[in-house]
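Lifted from Swiss-Prot, the feature list:
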BINDING   D176, D178, D180, M182, E187  Ca(2+) 3 binding site
BINDING   D213, N215, D217, Y219, E224  Ca(2+) 4 binding site
DOMAIN    200-235  domain 'EF-hand 4'
DOMAIN    277-312  domain 'EF-hand 6'
CARBOHYD  N140  N-linked glycosylation site
REGION    24-48  region 'Disordered'
SIGNAL    1-20  signal peptide
Amino acid sequence: MMWRWTLMLLLLLLRHWALGKPSPDAGPHGQDRVHHGTPLSEAPHDDAHGNFQYDHEAFLGRDVAKEFDQLTPEESQARLGRIVDRMDLAGDSDGWVSLAELRAWIAHTQQRHIRDSVSAAWHTYDTDRDGRVGWEELRNATYGHYEPGEEFHDVEDAETYKKMLARDERRFRVADQDGDSMATREELTAFLHPEEFPHMRDIVVAETLEDLDKNKDGYVQVEEYIADLYSAEPGEEEPAWVQTERQQFRDFRDLNKDGRLDGSEVGYWVLPPSQDQPLVEANHLLHESDTDKDGRLSKAEILSNWNMFVGSQATNYGEDLTRHHDEL
């Protein structure tokens, strides 16, 4: 039925967007395949020109940063003061904000969108409301309910969807560490955001290999790598950026210089060693605000530099406030 096809396609698109799965339509330079972890902000880090939006989103989270942009400077500073108290209370409650406490707060903010996305998925998938998400619940919520042997008989490209279903089940089994076919919230998070969990690394690599390894020899050849980035038209000259990608493949992707990528090289490419982004931002905020250079921040130091930490009507960029909260 057409309604089932439309609903299933919408669910798949929404969930696969949320999962951060490697996209078979990765754009130039292959950025869609590289998992850098959760970014602190998509805004440019441009403090030199008085643009503190990156810092605001790193410190508050994107949605809350928008809320602050609608406050008066006085309201913004008052709420920042309460955040400072919470940061110190979560640490050693000594009246100062240490580098570790600042980093912990930013890391907490960084993970908020993951928690929110998992909560939304949990509500969708836990159809019997028993506090767990079974594989059958997830499968039926995503793909629709079918009798055995009739899977996808009513949709176009049934074989593609059968492969997607098998791939999702394999990922679910890896995320389901206790093997009971019921996902806890932590296990569902691993299923939805595998790049955040070391034990999911192999499945991310396997899925990437399956997408790129067209001749099924277990490796990614340079032409397979390029084909994922660029589809040439007949007679079209290869763009300069594609030639640059070939060089990138040779110089930086193919670590053992055998002309192809094995599983470990694919893993190093799509899941590179990550920088501790919260620590980098915490050091930056500490450096910019620690006026007495004692290696920690007082509440007064933070409030005196409040426009770097948070925004207000005086520093906003014209965003419309889409939701309201009295407290964080």
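A Cβ is built for glycine as well, from the same backbone N, Cα and C atoms used for every other residue.
The structure, with features from Swiss-Prot marked on it.
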residue: D176; record: Ca(2+) 3 binding site; Cβ neighbours (10 Å): 20
residue: D178; record: Ca(2+) 3 binding site; Cβ neighbours (10 Å): 9
residue: D180; record: Ca(2+) 3 binding site; Cβ neighbours (10 Å): 12
residue: M182; record: Ca(2+) 3 binding site; Cβ neighbours (10 Å): 17
residue: E187; record: Ca(2+) 3 binding site; Cβ neighbours (10 Å): 20
residue: D213; record: Ca(2+) 4 binding site; Cβ neighbours (10 Å): 17
residue: N215; record: Ca(2+) 4 binding site; Cβ neighbours (10 Å): 10
residue: D217; record: Ca(2+) 4 binding site; Cβ neighbours (10 Å): 10
residue: Y219; record: Ca(2+) 4 binding site; Cβ neighbours (10 Å): 18
residue: E224; record: Ca(2+) 4 binding site; Cβ neighbours (10 Å): 18
Other C-beta atoms that fall within 10 angstroms of the C-beta of N140 (N-linked glycosylation site): 14
Rounded Cα separation (Å) that holds between N215 (Ca(2+) 4 binding site) and N140 (N-linked glycosylation site): 32
Three-state composition of the domain 'EF-hand 4' (200-235), taking helix and strand from DSSP: 19 helix, 2 strand, 15 coil
Counts of helix, strand and coil residues, the domain 'EF-hand 6' (277-312), according to DSSP: 23 helix, 1 strand, 12 coil
Env. residues of Ca(2+) 3 site, Cβ within 8 Å of mean position of D176, D178, D180, M182, E187 Cβ: R132, Q177, G179, S181, A183, T184
Cα-to-Cα gap, D180 (Ca(2+) 3 binding site) vs N140 (N-linked glycosylation site), nearest whole Å: 18
Candidate recorded positions N140, D176, D178, M182, E187, pick with smallest Cα gap to D217 (Ca(2+) 4 binding site): D176
Shell of the Ca(2+) 4 site beyond D213, N215, D217, Y219, E224, same chain only (C-beta within 8 angstroms of their C-beta centre): L212, K214, K216, G218, V220, Q221, R260
Spatially closest candidate among N140, D213, Y219, E224, the listed recorded positions, to E187 (Ca(2+) 3 binding site) (Cα to Cα): N140
D213 (Ca(2+) 4 binding site) and M182 (Ca(2+) 3 binding site), Cα-Cα, nearest whole angstrom: 32
